[in-house]
Amino acid sequence: MSTELLVIDRQWRVGDTLDSIDMIIGRYKSKYEDTESSSLEVSCEILQLLQNMRGRNIDPQLQHYIERINADLLTSIQACREQAERNVILEEELKKVREAHEEQLEEVQEEKERIMGKAKNKLQEMNLVIKQKDIALQKSQTENEQQARNTQSQISRLQSSLNKKKKELLDVRRNLSEKDMMLEQCQHDLDRSKEEKDAVQKEKERIVKDAQQQLKEKDTLRQQLRNSQSLIAVLQKSNEEQERALKNIERHKEQLQQLLIQSQDEKAQKSRDFQLEKAALQQWLCKSQEETRRCQNECSVLCGAWQIDEKEVKLTDKELGRGAYGVVMVGVFHGLKVAVKYLHPAIASYYNQE
């Protein structure tokens with residue numbers, strides 16, 4: 001699974017493909033953390049620049065916009081830090097799941113090797129028994145060449161039955177039938193030796209007993225095989241569940257990376273919008289300052305025309321009001337009553353006027 005990243009410091013270019021598994025094992029981990037750290041540093045520098053501008057005498061609208069950008073940057077920085085912490089937790093969980101999966105695979109491999117070892121030992125034991133049977137049959141059937149060939153064929157069939165477990169019961173029955181026929185032929189051909197007949201009979205019983213023992217061992221091996229297959233099915237099911245969990249985690253991580261890219265694009269767009277609005281506000285501020293200077297010049301001209309000499313105003317004893325800074329009295333200016341305000345002596349001192 002891969003994704004496309006674009007970062008501010010250009011350590012990764014557009015089109016770089018990042019594998020999420022390689023990022024977890026460390027191939028891109030250092031590069032990813034450095035990029036995230038540099039992005040946070042750039043955001044912190046912008047935040048510091050905006051905080052420094054807060055104390056300057058600027059337009060209230062621009063000040064409000066700067067405070068709003070400051071809040072957005074703080075929120076973005078906090079979200080990036082939380083995202084980094086969540087990524088660390090996800091990496092630890094993925095590492096634990098992978099270690100558990102590897103331990104289960106090792107246990108299955110050990111169990112498989114143990115079962116194969118037991119089967120190999122059992123085959124060796126059966127081969128040894130077959131060899132012993134072969135020696136005994138050759139000693140007891142030296143007088144009849146046809147009987148020796150039949151015995152050799154029987155040994156070959158027994159060896160084939162060991163390699164093909166599914167046909168073992170049928171082969172053993174066929175061997176018993178052939179052995180009965182050989183015993184009947186021996187009774188007609190070897191009437192002279194009763195001891196040899198008894199020996200053949202004992203050999204038959206022993207073969208039957210061995211065949212029954214082989215059947216029991218075959219049933220035991222089949223049961224062990226069924227148990228192993230059940231265990232393998234359980235392990236396969238557990239492995240599939242773990243793979244699905246890994247895919248869900250990787251899909252969630254890809255979504256988070258897409259959200260991070262989208263957030264970075266939004267911040268870049270907001271920054272460009274802010275620069276445009278800032279330029280417009282600066283242009284408006286320059287026009288406002290020029291308008292203010294023009295108005296101040298006009299006011300200074302108008303105020304100069306309204307300045308009068310204090311000797312032209314005569315004060316009366318009537319007081320209209322008194323405050324913390326001065327007193328308002330009734331005065332006469334060219335026959336007209338006017339309100340005259342003068343400051344208290346402490347406030348109207350030469351030092352305060354300067």
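Numbering starts at 1 and runs along the chain as displayed.
Placed from the backbone N, Cα and C atoms, the Cβ positions cover glycine too.
All annotation found in TrEMBL is predicted automatically rather than curated by experts.
Under the heading ATP binding site, TrEMBL lists LYS341. Under the DSSP three-state reduction, LYS341 (ATP binding site) is assigned to strand. Under a cutoff of 8 A between CB atoms, and with a sequence separation of 6+ in the same chain, the neighbours of LYS341 (ATP binding site) are GLY326, VAL327, VAL328, MET329.
Among the features that TrEMBL reports, region 'Disordered' is placed at 140-160.
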